[in-house]
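What Swiss-Prot says about this one:
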- 13-239: domain 'Radical SAM core' (DOMAIN)
- ARG22, ARG73, THR104, LYS165, ARG267, LEU268, ARG269: GTP binding site (BINDING)
- CYS29, CYS33, CYS36: [4Fe-4S] cluster 1 binding site (BINDING)
- TYR35, GLY77, SER128, MET199: S-adenosyl-L-methionine binding site (BINDING)
- CYS262, CYS265, CYS279: [4Fe-4S] cluster 2 binding site (BINDING)
Amino acid sequence: MERCSVAQQFEDRFHRKFYYLRLSVTDVCNFKCTYCLPDGYQPSGQKNSSFLNLSEIRRVVKAFADCGTSKVRITGGEPSLRKDFTDIIHTVASTQGIKRVATTTNGYRMEKHIGEWKEAGLNQINVSVDSLDPRMFHQITGENKFHQVMSGIDRAFEVGFEQVKVNVVLMKDLNHNELPAFLHWIKHRPIQLRFIELMQTGEMDTLFQQHHVSGVAIRNHLIANGWLLKVKAANDGPAQVFVHPDYQGEIGLIMPYEKDFCASCNRLRVSAKGKLHLCLFGDRGVELRDLLQQDDQESDLIARIQSELQTKSVSHFLNEGQTGMTPHLASIGG
């Protein structure tokens, strides 16, 4: 079976190299976040067995690893709802060439299971905490689980995680004024806060118009108060990360509406049903699943991905109001 050579590393026509795979393993979620699934998860009518199985996951991750991908983020939906989630982590972590295995979770199962996830090979975790006010957290997520999630973060440090990343979706009139509370929280904790601008998707146009707020004000505040921009690694995400000598924690800003946001794009997405998505806001998904059934299909799988990469756009078109085919962020893993 042919591996990619260095010259065949996944690369698009704009010479962007792809070191980072976001792999969704389910679109099911048990939270009802206002910016994602405000009415809760609505089953498609298909059985959950239609999601990628362990063998398919192993094959797609190996193909990406053989073509230069070194980081995999396991996403959802809520990925920990998969009964075989720990096995998925182990499968990804056991793949030659994969150096970092991450997941994004709502945190509700962390306190109980984070130890086994770490033992299986998980070495980076992102937890969604959209407010430090338990009542606002409940309002945004639809679940009264604030203290449970916070206990999960504490437990992550107890089992040996050196840093936990915390995602906060910025929303005007809901949580955009909580910066002082968040700064106080991370002063003596190795937490990287990641403020994410609300993004427009097919089903969330009204919410976007009501609650979108730019991260520029936060960035200006940080710079004015002595925070410094940190240099990125090749497989890091799109966050602008700021550090301060008086803070153990860090602040990241993800601002997709900013000019040149896509210039350093380094990630591709595979959905829980086995479709390749070149962009979170692309207008189509490319079927890969038919090439995930046998180990000897890897060269054909790689060829299909390489071919599709040449159609990847230079940028999304969010500023023109084009949100692509993504109905909500849970559908292809955010």
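Each Cβ is built from the backbone N, Cα and C atoms, and glycine gets one as well.
Overlay of Swiss-Prot annotations on the structure.
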residue	record	Cβ within 10 Å
CYS29	[4Fe-4S] cluster 1 binding site	20
CYS33	[4Fe-4S] cluster 1 binding site	20
TYR35	S-adenosyl-L-methionine binding site	23
ARG73	GTP binding site	23
SER128	S-adenosyl-L-methionine binding site	23
LYS165	GTP binding site	20
CYS262	[4Fe-4S] cluster 2 binding site	19
CYS265	[4Fe-4S] cluster 2 binding site	21
LEU268	GTP binding site	23
CYS279	[4Fe-4S] cluster 2 binding site	19
Secondary structure of THR104 (GTP binding site) (DSSP, helix/strand/coil): strand
Closest of CYS29, CYS33, SER128, CYS262, CYS279 to LEU268 (GTP binding site), Cα positions, binding-site residues only: CYS279
Cα-to-Cα gap, MET199 (S-adenosyl-L-methionine binding site) vs CYS36 ([4Fe-4S] cluster 1 binding site), nearest whole Å: 10
List of residues, in chain order, with Cβ under 8 A from that of ARG267 (GTP binding site) and at least 6 apart: PHE18, TYR19, TYR20, LEU21, ARG22, GLY237
Averaged pLDDT score, the domain 'Radical SAM core' (13-239): 92
Alpha-carbon distance [THR104 (GTP binding site); GLY77 (S-adenosyl-L-methionine binding site)] in Å: 9
CYS29 ([4Fe-4S] cluster 1 binding site) and TYR35 (S-adenosyl-L-methionine binding site), distance between Cα atoms, whole Å: 13
Top Cα neighbour of CYS36 ([4Fe-4S] cluster 1 binding site) in the set of binding-site residues ARG73, SER128, CYS265: SER128
Nearest-integer angstrom distance between the alpha carbons (Cα) of CYS33 ([4Fe-4S] cluster 1 binding site) and CYS279 ([4Fe-4S] cluster 2 binding site): 22
Using Cα positions only, nearest of the binding-site residues to CYS265 ([4Fe-4S] cluster 2 binding site) (CYS29, THR104, SER128): THR104
Proximal residue to LYS165 (GTP binding site) among binding-site residues CYS29, SER128, CYS262, CYS279 (C-alpha distance): SER128
ARG267 (GTP binding site): secondary structure state under DSSP, collapsed to three categories: strand
From CYS29, SER128, CYS262: binding-site residues whose CA lies within 10 A of ARG269 (GTP binding site): none
